[in-house]
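J.: After the structure tokens below, expect a handful of questions from me.
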């Protein structure tokens, strides 16, 4: 359900009429070559579209207005081939609503020592042209990503690729509809938040629906739809004997399949990209959606448990960002600890809803009791997650602003089998260690729900926070509690002043 085939970033190159026809012809020629090279890069998942060299305030304003109104344009990569007086850019940058990446490069990689002359110097001026452009961006307090290096360098293309993936996620949030099926889990604080401010800040709309809105679709499920989905379950997962045809718990799997078909139809009809539910508002549903939610997440939907719409939206955004990359992304919860004198770890899991995109093999499909909710035993996929680097991401509402918290972690193989644990899980080592990471996370007000991603890194989240204009707190191998507390205190002052325009 994630289609990025029509998405594009525009390559906009700055110059001025001063240089004359021949120089400007070469500027355009070089710019088109660079745009084609970036467009062909395997690191950049979207189209890179060359736009004409802009040489005047009116041309700059026009291209920024066009970018704002073009639905397929998700951002602009800007480069100053020559010197482009930056006062010309004020009007355009002031109205530009799309994310901007400043590429500080030049057409040639090396200086042609034997032939360099003043014609070459006048043509290749990005070393100071981009500094002029950088000044006006900073003067306007315009958040942007800056990428420095030769455009053919893999490092540069990778950074541009990361930024383009982030703006894909940002573009998704601008149009995202989140369905809250039921309300927030009663008395829970961190999953609450200002949905109006969220729509102003991120673009996403969050609205509530009753479980009966989904029940209408469940009741329309046909025998053929049901049989087809059960066949998919049987081929995709290792079903326990009790769930196979004629098994004692087969009816539970059938009911889970009905819920998936109904829930999927509800989401498709409403154009929703993310959803929440809660075990306290299930209505006539016979079980909490387990395998249904897991499979919907695997198909790209965002999800948050217990009404957690912020995490649901972020799961969706990160799933869009990581399309085509190795590794998965899932709704997650810090569940329990493994404290030892040598090393301490977190076991992440949830009641049911961990995405199989992070599974280390073919999941097992099982039915077990669920101690809360008062419903029948739900079906779910059970698996471990592979070892490797990952991040946990939490978006929280601090009252005066949104705060994004990131903890870099390393997943490890569980120290033993978990034969009696009937849920999907992942064991990780927090950076720099559990003691510092958990202290910092708690001081930051980080949620117990997170987005866990094997494919997205902190750099993505840094770019995202800049685009969104929100606070970012990173917990990594360099974090100390003292410096982290200072950062929180400094941010309180910064964001107060920034938001009041002082």
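Just so it is clear, glycine is given a Cβ too, placed from its N, Cα and C backbone atoms.
Not my notes, these are from Swiss-Prot:
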BINDING   306, 333, 350, 449  Mn(2+) binding site
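Where in this structure would I find these features, and how exposed are they?
T.: DSSP gives residue 333 (Mn(2+) binding site) a strand state. Residue 333 (Mn(2+) binding site): 22 other CB atoms within 10 A of its CB, across all protein chains.
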J.: In this structure, which of the binding-site residues 350, 449 has the fewest other Cβ atoms within 10 Å of its Cβ?
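T.: Candidates: the binding-site residues 350, 449. Fewest Cβ atoms within 10 Å: 350.
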J.: For residue 306 (Mn(2+) binding site), what is the secondary structure state per DSSP, taken as helix, strand or coil?
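T.: Looking at the DSSP assignment, residue 306 (Mn(2+) binding site) belongs to neither helix nor strand, so coil.
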